Amino acid sequence: MSTNPIQPLLDVLYQGKSLSREQTAELFSALIRGEMSEAAMAGMLVALKMRGETIDEISGAADAMRAAAKPFPCPERNNNPLHNGIVDIVGTGGDGFNTINISTTAAFVAAAAGAKVAKHGNRSVSSKSGSSDLLAQFGIDLTMSPETASRCLDALNLCFLFAPHYHGGVKHAVPVRQALKTRTLFNVLGPLINPARPEFMLLGVYSPELVLPIAKVLKALGTKRAMVVHGSGLDEVALHGNTQVAELKDGDIIEYQLTPADLGVPLAQISDLEGGEPAQNALITEAILKGNGTEAHANAVAINAGCALYVCGITDSVKAGTLLALATIQSGKAFELLSQLAKVSGEAHVNGQERGR
């Protein structure tokens, strides 16, 4: 199919000018439909990268991908005063560190503490073991149907949504992204296109320069409340140093720093959080969720779960959130939740409910 309809938009980019939100959505819609050549795709991504993507351009790309995503049937939002919305705990990846699966493990803890967590994840980007790599170790079906995932969210407070299962059109960009061998707009899009459309987000970014822009994008996309964080090199709240935060609340964005002391836990070394292959990380996650993890592992997970609990309104401060997360870890409830999710996932698969996707 001819790429002529989008050529004028590409020409704008090649001239070093920016596109509107609607124009960017039009370009990315063409990409998702498979109507853009790989050469044009590479040109578009490089032109955006070299100039630096605007808030409108990131928002427009997210609009297109959200619109094209496989629908997710969200359970009733307001059937419980505590559950005034869904939260995601997610990072861009690509921070260059091979840590344990902090955000994935934190999702179990936050859910066991009362949050409704719909975690949007993919296979590994920078570490040896991404969210989906870890879940597979526990027998959690990465391709469970949207209906089964929704039932898990309703009954267990938690579901995991495997990005490629909901965003099939992204496959057209894979060869180009692999050939370019550099970060592109796609590296920040993943956390922005959760098909559950969470009202609340704890979103970690790989660069401190992205913290404020991504908070502005979340505001543009209609996110109710969020913390965008970069923790001393990590795409999550840091246990080994300061965390830069841009918090979106009531339509305003405020910037500040958090230290481990602010969260009520001692400083640790980044080496204390080193991860391994999926099988090794699964053992670490299991130990943490049973309350048997190292102090550093438990605290790293708790400060991230705690910030998520704060963002979705279950606690009124990040420190209170961290304390609730630590108590939840010690109770073993988070591991019970993991076991229940694996059981439901396995039963759905065996019963054939996952066929015909």
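Glycine is treated like the rest: Cβ placed from N, Cα and C.
According to Swiss-Prot, the features are:
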BINDING   GLY91, 94-95, THR99, 101-104, 119-127, SER131  5-phospho-alpha-D-ribose 1-diphosphate binding site
BINDING   GLY91, ASN122  anthranilate 1 binding site
BINDING   SER103, GLU236  Mg(2+) 1 binding site
BINDING   ARG177  anthranilate 2 binding site
BINDING   ASP235, GLU236  Mg(2+) 2 binding site
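Feature map: Swiss-Prot annotations on the structure.
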residue: GLY91; record: 5-phospho-alpha-D-ribose 1-diphosphate binding site; contacts (Cβ under 8 Å, 6+ apart): SER103, PRO191, LEU203, GLY204, VAL205, TYR206, ASP235, GLU236
residue: HIS120; record: 5-phospho-alpha-D-ribose 1-diphosphate binding site; contacts (Cβ under 8 Å, 6+ apart): ASP88, VAL90, LEU161, ALA163, GLY190, PRO191, ILE193, ASN194, PRO195, ALA196
residue: ASN122; record: anthranilate 1 binding site; contacts (Cβ under 8 Å, 6+ apart): GLY93, GLY130, SER131, SER132, PHE162, ALA163, PRO164, GLY190
residue: ARG177; record: anthranilate 2 binding site; contacts (Cβ under 8 Å, 6+ apart): LEU45, THR184, PHE186
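Annotation: SER103 carries the greatest number of neighbouring Cβ atoms among the binding-site residues THR99, SER103 [cut-off 10 Å, Cβ to Cβ]. In the three-state DSSP reading, ASP235 (Mg(2+) 2 binding site) counts as coil. Just so you know, the Cβ of ASP235 (Mg(2+) 2 binding site) picks up 27 other Cβ atoms within 10 Å once every protein chain is counted. Secondary structure at the residue listed as 'anthranilate 2 binding site', as computed by DSSP, is helix.
Under the three-state DSSP scheme, THR99 (5-phospho-alpha-D-ribose 1-diphosphate binding site) falls in the strand class.
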